[in-house]
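Novice: Below is one structure. I have some questions about it.
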Amino acid sequence: MYIITGQTATGKTNLAYELAKKHKGEIINFDSRQIYQKLNIITGKQVFPDVKTHLIDIVDPKEQFSSFDFANSAKRIINYLIRHNIMPILVGGTYLYLKHLLYGIDTKVPADWKLREELGKKSVKQLQDILKKHSVQTFERLNQSDRNNPHRLIRKIEIYSTHLTFPERKKTNYFPGKYNYKLIGLRFKSNESLKKAIEKRVEQRVRNGAFQEVKHLIKQGYKSTDPGMQTIGYKQLIQYYSGTISRDEALQQWITKEVQYAKRQYTFMKKDKNIKWKSI
């Protein structure tokens, strides 16, 4: 099977589609933004009439969907496709999802119910601050959904509170080890080409109706505090509609946040020695 990952705006989905057509496969999405329903234009969601895509449009923007949820769902789909002789083509840029699927999730640390009860009384912001005190790097590796998921934050804090080293933590490997896979990463040759690609993409999505999409979501009752609405682009345009920033400021912040996100993606992914990189 193939796994396509890498920086945002590098054409991962198009490559996945080509591979799916060539090998008569099906696509499994691991972009944490495209799992949300109704978030179509700004996320650049692509649905192909001749290739089935899994784990897309499955969660309401008000709901949480963690890397744990993804790993469980993806494993089930992969096993199903393999049993039916269909090649899975995984594609996305949410490395935390991929990491948990390929390399497992910490499970040895037992539940500390007293600690959970104490932490359960705290706000998401307070939980975020506590986790940052334990490990800023761990917090920064979380996707937006996990950052705003109190259960995921509490579990991370619980693990760090034991002071166990990583080798002491047992991992549950979600990925079926008997299956061979090719892991391909797409990245930009330079930061300049990255910024140009992001600017071009934001301009295109504005032309496609990004502002209208956000306005419609606001009318439906969605707010900036909803997990899905924390997505880059939506967050900035909501600020524009609330009157806190201008249209130009919203667009510039959107571009800046996308560029920063793409840089962080490569920072985390380049540590994975299994990824075979291709520059574009």
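Keep in mind that glycine also has a Cβ here, set from the backbone N, Cα and C atoms.
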Novice: According to TrEMBL, which of these ranges is region 'Interaction with substrate tRNA': 31-34, 167-170?
Specialist: 31-34
Novice: Compile a sequence-ordered list of residues in the same chain as T94 (site 'Interaction with substrate tRNA'), six or more apart from it, whose Cβ lies below 8 A from its Cβ; state 'none' when nothing qualifies.
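Specialist: Long-range Cβ contacts: F30, D31, S32, R33, S67, F70, N143.
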Novice: Going by DSSP, give the three-state secondary structure for G6 (ATP binding site).
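Specialist: Assignment for G6 (ATP binding site) reads strand.
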Novice: Tell me, what is the mean pLDDT of the region 'Interaction with substrate tRNA' (31-34)?
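Specialist: Result for the region 'Interaction with substrate tRNA' (31-34): average pLDDT 97.
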Novice: Tell me, how many other CB atoms lie within 10 A of the CB of K12 (ATP binding site), whichever protein chain they belong to?
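Specialist: Around K12 (ATP binding site), other Cβ atoms within 10 Å: 20.
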Novice: Calculate the distance in Å between the alpha carbons (Cα) of T8 (ATP binding site) and R116 (site 'Interaction with substrate tRNA'), and round it to a whole number.
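Specialist: That separation, Cα to Cα, works out to 36 Å.
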